[in-house]
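For reference, the structure discussed in these notes is given below.
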Amino acid sequence: MRTLWIMAVLQVGVEGHLMQFETLIMKVAGRSGVWYYGSYGCFCGAGGQGRPQDASDRCCFVHDCCYGKVNGCDPKKDFYTYSEENGAIVCGGDDPCKKEICECDKDAAICFRDNKDTYDNKYWFFPAKNCQEESEPC
């Protein structure tokens, strides 16, 4: 499943908000979301189950929970509006639902930046069979 997400993002002409998320991660965390988080731990990438393996994986868990609370638009496809002001990402636009998506993505990008030191290559392409513990609630 995670591989499908990576492939979807890497295809030429990809549209929708996943590319915006990648851009935010690059701007805020200074690294590629697709490369570093496209298939990391139990929650980064498509799907998610079990318990987060470290703080970086927890960023993805919280992001998944945030998306789960968005109603009225599609977090994986809809474009949102944001700007940069004094080095900070500011979510904008008239659509409150799309603004929520932006806030979810912004918070995840900040989380990735703040937890770079927890990133552990042993969780890159982590086997789903190691993510069988009961998930905690959002």
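Note that Cβ sites are derived from N, Cα and C of the backbone, with glycine treated the same way.
These figures come from a predicted structure and were not determined experimentally.
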CYS60: disulphide-linked cysteine among CYS44, CYS66, CYS73 [source: Swiss-Prot]: CYS44
Swiss-Prot annotation, Ca(2+) site containing PHE43, GLY45, GLY47 - matching residue among ASP54, ASP64: ASP64
Cysteine of CYS102, CYS104, CYS111 paired with CYS66 via disulfide, per Swiss-Prot: CYS104
Cysteine from CYS97, CYS102, CYS111 that Swiss-Prot links to CYS59 by a disulfide bond: CYS111
Those recorded positions of CYS44, GLY47, CYS65, CYS66 having Cα within 10 angstroms of ASP105 (active site): CYS66
Spatial separation of PHE43 (Ca(2+) binding site) from CYS65 (disulfide bond) - C-alpha basis, Å: 10
Spatial neighbours of CYS59 (disulfide bond) that are distant in sequence (at least 6 apart) but have CB under 8 A: TYR37, CYS44, ALA108, CYS111, PHE112, ASN115
